[in-house]
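What Swiss-Prot says about this one:
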REPEAT    103-129  repeat 'STPGR 1'
REPEAT    182-207  repeat 'STPGR 2'
REPEAT    218-243  repeat 'STPGR 3'
Amino acid sequence: MSPVDVWVGSWRPHKPRGPIAAMYNSPGPTYALPGATGMNNHDPRMQKGPAFSFGIRHHNFHGNYSPGPGYLVPSNITRVGRDGTPAYSVYGRRKDIQPFQTPGPGSYSPENATKATYLSPPAFTLSARTKLFRNDQTPGPAAYMLPPVLGPKVVNKTSAPNVSFSGRSAIGSFHEDLRKTPGPGTYQVVDPCVYKHKGPQYSMTGRNMMPGDMTKKPGPGAHYPEMVCFTRAKAPSFSFGIRHSEYVAPTIVDGED
């Protein structure tokens, strides 16, 4: 067989254009395994020897270690509350009531009472126009709407008698349109059961189902007994594997390997 017939198709081995990380061998995830020596991060699958350590120096004890303010409970407190002993306290001195502050002579202004005690001439002042005067718009003579005196519309005026002709009725006249007369189908026919005897009526209800398990159960056709291979012998079966890559890392089954 010639070397040309070894390869199938147009693919031939060639040098890759760039570096492939899988082509370089490395220890892989072996370094991520826990160590088998020492005390910290020891592999639990490995046997571990005895290890001894020295204790640490304790902190100096402080002289004052009180239980805190939670234990400062008054002595008159029992498990049901206070013991009921009367307690007294001294209040502060109340302030004196302030007396009435009588106004003195300087608080009055007698010079302003001249107009009330002595005769004085009349005095007039000009004030601004009030707001109501500006809004008071009196209607003129042309603004009144007097009712007319003709006809019976005025109550206090005498009026002559009025005669009017009524319109001609279209019903029963010679020009009545008989085509607009309603036919028999226009009226609503009353049900005969209203004024006659009505026979009995019966109806059939649906079938009532007894309460029970309503889940769907598989029938005989839902099972495949020919595919059962636990109760009888079965011929061996084989399958073809797949092509594995040479760059796949091996599976670690044991740390000792």
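Glycine is no exception: its Cβ is also placed from the backbone N, Cα and C atoms.
For the repeat 'STPGR 1' (103-129), the number of residues in each DSSP class (helix H, G, I; strand E, B; coil) is 11 helix, 0 strand, 16 coil. Counting same-chain residues at least six beyond the ends of the repeat 'STPGR 2' (182-207), none has a Cβ under 8 angstroms from any Cβ of the stretch. Secondary structure counts, DSSP: the repeat 'STPGR 2' (182-207) has 6 helix, 0 strand, 20 coil. Not one residue of the same chain 6+ positions outside the repeat 'STPGR 1' (103-129) places its C-beta atom under 8 angstroms from a C-beta of that stretch. Per DSSP, the repeat 'STPGR 3' (218-243) is made up of 6 helix, 0 strand, 20 coil.
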